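Working notes for the structure below.
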Amino acid sequence: MNNILSDSENRVVLNVGGIRHEAYKATLKKIPATRLSRLTEQLANYDPVLNEYFFDRHPGVFGQILNYYRTGKLHYPTDVCGPLFEEELEFWGLDSNQVEPCCWMTYTQHRDTQETLAVLERLDLDTEKPTEEELARKFGYEEAYAKGKVNWWQRLKPKLWSLMDEPYSSNAAKIVGIISVFFICVSIVSFCLKTHPDMRVPVIRNITVKTADQGLAWTLDKQQTNAHEFFFYIECVCNAWFTFEILIRFISSPNKCEFITSLVNIIDYIATASFFVDLCLQKFASHLENADILEFFSIIRIMRLFKLTRHSSGLKILVQTFRASAKELTLLVFFLVLGIVIFASLVYYAERIQTNPHNDFNSIPLGLWWALVTMTTVGYGDMAPKTYIGMFVGALCALAGVLTIALPVPVIVSNFAMYYSHTQARAKLPKKRRRVIPVEQLLGRPNQQPMKNDGSNIISASGGPKRSKDLIGAKIGNIPIGTSVLALCPQTMQLHKNLTTANIRQTFDTTKGPSSIVATNMNKKSDEKCYL
């Protein structure tokens, strides 16, 4: 009978979310400095009638947590979301990094998802109209908004920005976006068509030549051609719109530095500036030789196509996919360069071993071009090995190219599918969530602070300064005044092992602040204190 009673005294009943668990007290002491290792009957969640501790937490997760105390191995439940599991571990005072290696892949999936959602937040794919308070915070006049002294420019600036930079914010912004896309397309089409021979006008010049009888004659030279004058007027109209758009967006931008350093904006104003540079060159440098070479730099205008990313969420996701896959792309280029150099050298010497009068590989640099075309499976056929050893090297080069390109591509495709699927799911979900009131607020208690597995206390005092007599019957968190310091401060267990009750008073401490509460051992003459 005595053995049965002693065994029951060593057991503890834990009611977590309505499900009762029973364990030995020694089992809960296996992991010190955690919530379950500090259970005492003086805690507010102890029920003396049922002789159990009640915790209003997730019951499914607690099964794995209690198993961690029993076996020393922390496994991840597959039917629980990752952030919820981390929140429960933080409440019970456990370290989330102690998850077993077999669960690492499953456990870290939610972190990848959180990173993806953070990226989508930065891409600004939402079409939800922001509130006036959010606009005030974004444009830096929240103080004027709080005082109700918003001037006309502060009201106009967000509207201009939404009109010019957020195509889906209103019907007027959609019209402006359509106009911007129209001018981009017209500019690109004009840039391409003016190089067509049928769209160019010959430049006729009169040249004086000597005849056979040493006389002079006039002839017409029309070797040079210029683009039709109509394309010049088209570019003038398009660049006038682009200049107007850049100025309005710069004036109304909430962050000037971010606007200037944006890659798309850099391309925009460089492309616009190239048009005016061309005008100056045609005016003052047309008589110089090789002045047409300077027109090569006007190709930057093609880069205006990246401006379409402001109007298409799909292009934003594509750009972000390449940015997120930078490591895979770097690895792909590295292996391609490595293979190109190796196979170019091999085919150069392979073609020289046997007699080969029609050898196309006169140098290794020529072999680099052949290896690049072969590894990318393009195969122009302008260069080809003629010997059997060279053909064997070419076959190896083609196989290595297929494998090199095929390995990193699925990672890039999966990144795009991940961003795209999250974007589609996000578009279907409501933008605003229902507010949930904390249970501590309904019960009139201060918010319960999560435990940290650092050996620190689990209860934090809140509220303003109180006098000593006001502390009678009061509580610190869920703990009533007069609780055993052994329960409150297990890190000083040896110091207070013979203490059953403590008088808690408020003192001023320069390190803890004026509202720190100090538990002093009244049975000792020393000034040993425990900060809560």
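Just so it is clear, glycine is given a Cβ too, placed from its N, Cα and C backbone atoms.
Annotated in TrEMBL:
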COMPBIAS  446-460  compositional bias 'Polar residues'
DOMAIN    10-110  domain 'BTB'
REGION    445-466  region 'Disordered'
TRANSMEM  172-193  transmembrane segment
TRANSMEM  230-251  transmembrane segment
TRANSMEM  263-281  transmembrane segment
TRANSMEM  329-349  transmembrane segment
TRANSMEM  361-381  transmembrane segment
TRANSMEM  387-420  transmembrane segment
Contact ranking winner - 230-251, 329-349, 387-420 against the transmembrane segment (172-193), Cβ under 8 Å: 230-251
Stretch of maximal Cβ-Cβ contact with the transmembrane segment (329-349) [cut-off: under 8 Å; candidates 230-251, 263-281, 361-381, 387-420]: 361-381
Same-chain residue ranges lying at least 6 outside the transmembrane segment (387-420) that approach it to Cβ under 8 Å: 116, 119-120, 314, 317-318, 320-322, 324-325, 328-329, 331-332, 335-336, 339, 343, 346-347, 350-351, 353-354, 356, 361, 371, 374-377
Integer mean pLDDT for the domain 'BTB' (10-110): 88
The domain 'BTB' (10-110) - residue tally per DSSP class, helix then strand then coil: 43 helix, 20 strand, 38 coil
